[in-house]
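As written in TrEMBL, here are the features:
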- 6-28: transmembrane segment (TRANSMEM)
- 19-287: domain 'G-protein coupled receptors family 1 profile' (DOMAIN)
- 80-99: transmembrane segment (TRANSMEM)
- 120-143: transmembrane segment (TRANSMEM)
- 175-196: transmembrane segment (TRANSMEM)
- 226-247: transmembrane segment (TRANSMEM)
- 271-290: transmembrane segment (TRANSMEM)
Amino acid sequence: MPPWMHYFAILIQMVGIPMNIIVFVAIAHIHLGSQLTTKLLLTQCAFDCLTCICALLKAMKPGLGYTGYHTLDNILCRIWFSYFIFWLFVLMSISNLVCTALDRLIAVVFNSIYQNHQTVYIALCYTCIAIYSISLASINLLLLDYRENRCIPSHNKHGNWIDSLIQVDSVGWPLLSYLIPCVILIAIYGKVINVLRKPQMIVLRIVEKGTEVQPIGRKGKRQRQLAKSLTIATSMMQTLFLITHIYDRIYYFLGIHHWIEYRVGSPNHLLGLWIITLNNCINPTALIITMKPLRKWLSSCSHRFFLIARSGVGGSSGSE
């Protein structure tokens, strides 16, 4: 790996890890009006942080994993050197983004149903995330084989069943991990943005009380502003996903079909992975920029920390 790529990868992760932790703590302390939205944003930060940690370990200790025990090294070869763990967290992050988009769609378009079935939606979301991520990431377990005390590619035109399966996966992987999520996300956010832009969504909500009609505008306006900021934040995260994941999908597709050289751990392969982690690094920044409650909480914490630090410095100076 070239030195510039090595330092670039480390820098991304050193920024991404603390940013995701800070935003995770902040989201846990603010009220977003929806249990499902809060949980999805929390797990988004968790998955992004875990992806950054895996990438940092790969960048700093590329040889991490060999123990000298054949059975253990065989297992580590398949789950660590094949990037199975890395892709598992990446796929969890992707599927969490899709669930977040569906959350926005149901919250904006079918609000009455949404509020009454939060627990069911939470269970469905995390079940789908687990099944989708494990199913797609499991192909990485077959990319490498442990022979003669080292990991070697297991798909070099041998014509065996693994090679055939990987050929099928070369088409299925870009479709299932990129193209189909992209289409779903674009369609969902197109619908959500269209609904939010309708004049009737801006009009103050009306509540009938007997024969009297009472406006409850202030609360409705706050709810709409929160829905709008959440939609902008999550749509920014989807856009980052579209941009940062395309290089790796194209490289994998061309490489598996032997149109270009594809090698796990090569500079071209690693470049795609580091670009992907840019998404995990920028996601918390997108949330901070677009969500006012998040900015207010962080600003309040920063102010309190500054006051405590200043009083501590003043106290120590006075004692001297």
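For all residues, glycine too, the Cβ spot is worked out from N, Cα and C.
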Who are the long-range neighbours of the transmembrane segment (6-28) in its own chain, taking Cβ under 8 Å and residues 6 or more past its ends?
38, 41-42, 45-46, 48-49, 52-53, 55-56, 58-60, 270, 274, 277-278, 280-281, 283-285, 287-288, 294, 297-298, 301
Whether the transmembrane segment (271-290) meets the transmembrane segment (120-143): three or more C-beta pairs under 8 angstroms:
no
If contact means at least 3 Cβ pairs within less than 8 Å, sequence distance 6 or more, would you call the transmembrane segment (226-247) and the transmembrane segment (120-143) in contact?
no
